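One structure below.
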């Protein structure tokens, strides 16, 4: 398997294992925070507020390219993960089920979101420097696998861990995963001390960080199309996030078991999709009838269009077997979308790559937050109709991107 070949490199292996722990810790932190707040308050509104607050730094820092570029070093990322460990470990010390405890939790969630908003795009910009150019698509698939593993292990391990420790103590487990990741990143920083592109922060990284995002996207219209379609995808994802439990209850009489089965099917599909995408990652970009500049955007947009079909299908599914099948299909397609875009961005200069990753992160987080704020009333009014409408919107956006991507210059 192609991923195994990459893991033979010690730096890639250490970084991949540490990031698997870091992403898992991030996932556990999010699940634990939502669960603790809901159990203590019984308020869905307060629980939703926790999710919204965590997204705010991703949106606010979208235009701070100069600030982002200051952290384009492995050692800087190690300090960020150390900060995330401190935040997670602080929750058991300050949490209480009253208004003061809730406000402290919101503050800690906001701080964690800020650290993660700086960490994520810088990590994506740094990873490609570890491998030769011809292996960039493969390394994108390898690190996408960390999210797929966290999706599977995170859901199941929360249940197991809660049998052994309290909800608050679970944050200590989260903190330990960040500590391990910080140590690994620090070790990698000592081995490869140079920042992105091998230049000091006063050089090209910082200069490009000052370029307006609009100007950069104007020079690369296919990237702009991909980011727009990605934003629509995250907007419509709110329907599935909010609407799947009531849909399963109202149509199939399923409770937590059915919901867990659907989540597991999506996660399993994601793992399989990542492995399949990894096997195709080494194929030449222009092997089809499309030109080399447009094949990636057409693959990307077509995958999102098919995801829209699966989303709409959930609204008309007449059995749990169909629901599980559609969840697996959605899971299969998610890595295709993620790896295709990330692999293309690795071909940009390091500083441009960081800026584009930050723009994509800002757009998708903004769209996701908008979906969580605007779509729940639609789901409450008509769960099945919300799925169909969201799926049609996503498919239309994907097909429009597929058509425009074949017409725009690179």
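Glycine residues also receive a Cβ, built from the backbone N, Cα and C atoms like all the rest.
The transmembrane segment annotation in TrEMBL falls on one of the ranges 364-384, 385-405, namely 385-405.
Your range for transmembrane segment, going by TrEMBL and the list 322-341, 342-361, is 322-341.
Among the listed stretches 101-119, 256-276, 297-316, 322-341, 385-405, the one sharing the most Cβ pairs under 8 Å with the transmembrane segment (223-244) is 385-405. Counting Cβ pairs closer than 8 Å to the transmembrane segment (297-316), the top stretch among 101-119, 256-276, 322-341, 385-405 is 385-405. If one looks beyond the transmembrane segment (385-405) by at least 6 residues along the same chain, the residues whose Cβ comes under 8 Å of a Cβ in the stretch are 222, 225-226, 228-229, 232-233, 236, 239-240, 243, 247, 294, 297-298, 300-316, 375, 378-379.
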